[in-house]
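**Student:** What Swiss-Prot records for this protein is below:
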BINDING   HIS118  chlorophyll a ChlzD1 binding site
BINDING   ASP170, GLU189, HIS332, GLU333, ASP342, ALA344  [CaMn4O5] cluster binding site
BINDING   HIS198  chlorophyll a PD1 binding site
BINDING   HIS215, HIS272  Fe cation binding site
SITE      TYR161  site 'Tyrosine radical intermediate'
SITE      HIS190  site 'Stabilizes free radical intermediate'
Amino acid sequence: MTTTIQQRSGANGWQSFCEWVTSTNNRLYVGWFGVLMIPTLLAATTCFIVAFIAAPPVDIDGIREPVAGSLIYGNNIISGAVVPSSNAIGLHFYPIWEAASLDEWLYNGGPYQLVVFHFLIGIFCYMGREWELSYRLGMRPWICVAYSAPVAAASAVFLVYPFGQGSFSDGMPLGISGTFNFMLVFQAEHNILMHPFHMMGVAGVFGGSLFSAMHGSLVTSSLVRETTESESQNYGYKFGQEEETYNIVAAHGYFGRLIFQYASFNNSRSLHFFLAAWPVVGIWFTALGVSTMAFNLNGFNFNQSILDGQGRVLNTWADVLNRANLGMEVMHERNAHNFPLDLAAAESTPVALQAPAIG
């Protein structure tokens, strides 16, 4: 007598699904982080496109003066944006079911929260998916560490800054000119250009661009010739070849003589670590700076710091920058503030010795 034991098809289906999710043979790796990443990024992308094209104006300042951000309300690609949720909503979680109607949800900028929250979850999962694929392939985990820099920057402007300021209306708008407006207002309110962490971020981004260009040009200039004059040098490389495709000794010798010996790396591994670490650390510090300024720990203030022997102010570039900040401050949200507090608190500057006689 023969006994046959048949497993439940449900268990087999779940096992097949698990194997498919974690398989590195798929054209695109899914992974367990991808199971959450795919729907959240699809939701964020879909809502962003629809809102960018057709969303009605949003009462961003909470004063019943809606701001139009979509294309069908007169914007173009440069001026259009998904406008942040209303200051009347503040930091409240505002999904569709919290509004009395869809019109109210749109008027208060609900799509902004939908896009931002799904987008942040999606990029967090993308970072986790990078680690997961590295783990499956037996690679080291530094790819996701590098990606953590832009993730930290996005988290700073979309999540931490609104938390610190007390309203999602202070988050960065999802558009080109809206991003520029966010930057100008950030400078006006927090003096970010005078914050050391922002300076480190500038050094990281510009320095990373410089080092990338230097490295690429040095490698391209010291390729080992494998082709004739009539062929492209790119044909001299075969994918997966064991031998070096460029002469690092020649590149090291050139750069060492161009600058000085110890400015040039003689170890390819330490060189590429440096190329990765420099911009990543810089962007980390920028994100940290935005996150601290979110709670009003602002950039340095050197206004009126130099006086002459009689106590009169000798203006510096810090004072010029301060005047620019005040100008941007009075221009933004001009209908929400009757008078900017930082101007009202300053001493008045006389503009005439006496008033002209009238009549």
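Using N, Cα and C of the backbone, Cβ positions are placed for all residues, glycine too.
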**Student:** Drop a 10 Å sphere on every Cβ of the binding-site residues HIS118, HIS215, HIS272, HIS332 and tell me which sphere holds the fewest other Cβ atoms.
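**Tutor:** Each of the binding-site residues HIS118, HIS215, HIS272, HIS332 was scored; lowest Cβ tally within 10 Å is HIS272.
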**Student:** Which one is closest to HIS332 ([CaMn4O5] cluster binding site) in space, judged by CA to CA distance, out of the recorded positions HIS118, TYR161, HIS198, HIS215, HIS272?
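**Tutor:** Of all the candidates listed, TYR161 is nearest in space.
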**Student:** Specify the nearest of the recorded positions TYR161, HIS198, HIS272 to GLU189 ([CaMn4O5] cluster binding site), where nearness means the distance between Cα atoms.
**Tutor:** TYR161
**Student:** Just counting, how many other CB atoms are there within 10 A of the CB of GLU333 ([CaMn4O5] cluster binding site)?
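**Tutor:** Cβ-Cβ neighbours of GLU333 ([CaMn4O5] cluster binding site) within 10 Å number 16.
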**Student:** Cβ-Cβ under 8 Å from HIS190 (site 'Stabilizes free radical intermediate'), same chain, 6 or more residues apart: which ones?
**Tutor:** MET293, ASN296, ASN298, GLY299
**Student:** Give me the count of other Cβ atoms within 10 A of the Cβ belonging to TYR161 (site 'Tyrosine radical intermediate').
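**Tutor:** Excluding its own Cβ, the number within 10 Å is 22.
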**Student:** Among the recorded positions listed here (HIS118, TYR161, HIS215, GLU333), which has the Cα closest to the Cα of HIS198 (chlorophyll a PD1 binding site)?
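**Tutor:** If we rank HIS118, TYR161, HIS215, GLU333 by Cα distance to HIS198 (chlorophyll a PD1 binding site), first place goes to TYR161.
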**Student:** Sequence gap of 6 or more, Cβ distance under 8 Å: name the residues on the same chain that satisfy this around ASP170 ([CaMn4O5] cluster binding site), in order along the sequence.
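**Tutor:** Within the chain, ASP170 ([CaMn4O5] cluster binding site) has Cβ neighbours under 8 Å at PRO84, TYR161, PRO162.
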**Student:** Whole-number Å distance between the CA of GLU333 ([CaMn4O5] cluster binding site) and the CA of HIS272 (Fe cation binding site)?
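**Tutor:** Taking the Cα atoms only, GLU333 ([CaMn4O5] cluster binding site) lies 46 Å from HIS272 (Fe cation binding site).
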**Student:** HIS118 (chlorophyll a ChlzD1 binding site) to HIS272 (Fe cation binding site): how many Å between their Cα atoms?
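**Tutor:** If we compare the Cα positions of HIS118 (chlorophyll a ChlzD1 binding site) and HIS272 (Fe cation binding site), the gap is 33 Å.
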**Student:** Give the residue from the binding-site residues GLU189, HIS198 that has the most other Cβ atoms within 10 Å of its Cβ, counting over every protein chain displayed.
**Tutor:** HIS198
